[in-house]
Amino acid sequence: MRRCCQAVGLPCLFKGVGMAGARPPQFLLVFDFDETIVDENSDDSVVRGRALPEQLRQSPREGSYNEHMQRVLAFLGEQGLRAGDFRAVYESIPLSPGMAELFQFLSKHQELFEVILISDANMFGIEAKLRAAGVRSLFRKIFSNPASFDRRGFLTLGPYHSHKCLQCPANMCKRKILTEYLAERAQEEVEFQRVFYVGDGANDFCPSGTLTAADVAFPRKGYPMHRMIQEIQEKQPGAFQAAVVPWESATEVARYLQELLKRKC
């Protein structure tokens, strides 16, 4: 159970710098990618300005977006797009407002925050963007759909995993990923005092439902995750346990975390 150290009668670990054997508190910070770290949907960025055939312009059936993007990427490969073309697109996607400042804050406090990324985009695009932004080393783990280039030079995409969650697309349930990650870290004797979740989409609402009263959800203001949290708070008061801090600029997230560090626990 993640609890404040003082709540269980222990000295605050923020004071532990000069205490023999004390280690700093550990917080887990979870990021989404599309329209969270970057200010666009990276799949839209890839196809922008390119004429897709009619069958690929139609909205995919619910839960099958990953399969749809597999077909889109195959078509783009047939049009001659190769690794360098895709990398250039992903690297050029702008960061969301304030995200560079949030990353600067995290780089100064890496001993306090363990940072992971859970995204329904693809590993190639995410890695390309994070490396171009100079922040790949901040992330302990990235969970996303596998993507690689085949013998033809086509970018291929696969599903991340299978699951039984009825709320999520067939290829990824972020709740399952987060739950398994926390269990894995607990087995490694890493217990987080708090979990922070920064996201925007409907698929970020599912994992944020696992957060406790000690944790914080940071939904991007006005986006689906924010609207879904507001809806459940209105219909089922108390059902969503975590504190909710909406953001328009990621500097608001950084300020909240900075204030947290100023408090004793």
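Using the three backbone atoms N, Cα and C, a Cβ is placed for every residue, glycine included.
Note that the coordinates shown come from a computational prediction; the quantities given were computed from them, not determined experimentally.
Per TrEMBL, the feature active site, nucleophile maps to ASP32. Among the features that TrEMBL reports, active site, proton donor is placed at ASP34. The Mg(2+) binding site feature in TrEMBL is assigned to ASP32, ASP34, ASP200. Per TrEMBL, the feature substrate binding site maps to ASP43, ASP120.
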Is it possible to get the count of other C-beta atoms within 10 angstroms of the C-beta of ASP43 (substrate binding site)? 19
I'm trying to understand the geometry here, so how far is the Cα atom of ASP34 (active site, proton donor) from the Cα atom of ASP200 (Mg(2+) binding site), in Å to the nearest whole number? 8
Cβ neighbours within the same chain of the residue listed as 'active site, nucleophile' - under 8 Å, at least six residues apart: LEU117, ILE118, SER119, VAL198, GLY199, ASP200, GLY201, ASP204
Whose Cβ lies within 8 Å of the mean position of the Cβ atoms of ASP32, ASP34, ASP200, the Mg(2+) site, other than those residues? PHE33, GLU35, THR36, ILE37, SER119, GLY199, GLY201, ASP204, ARG220, TYR223
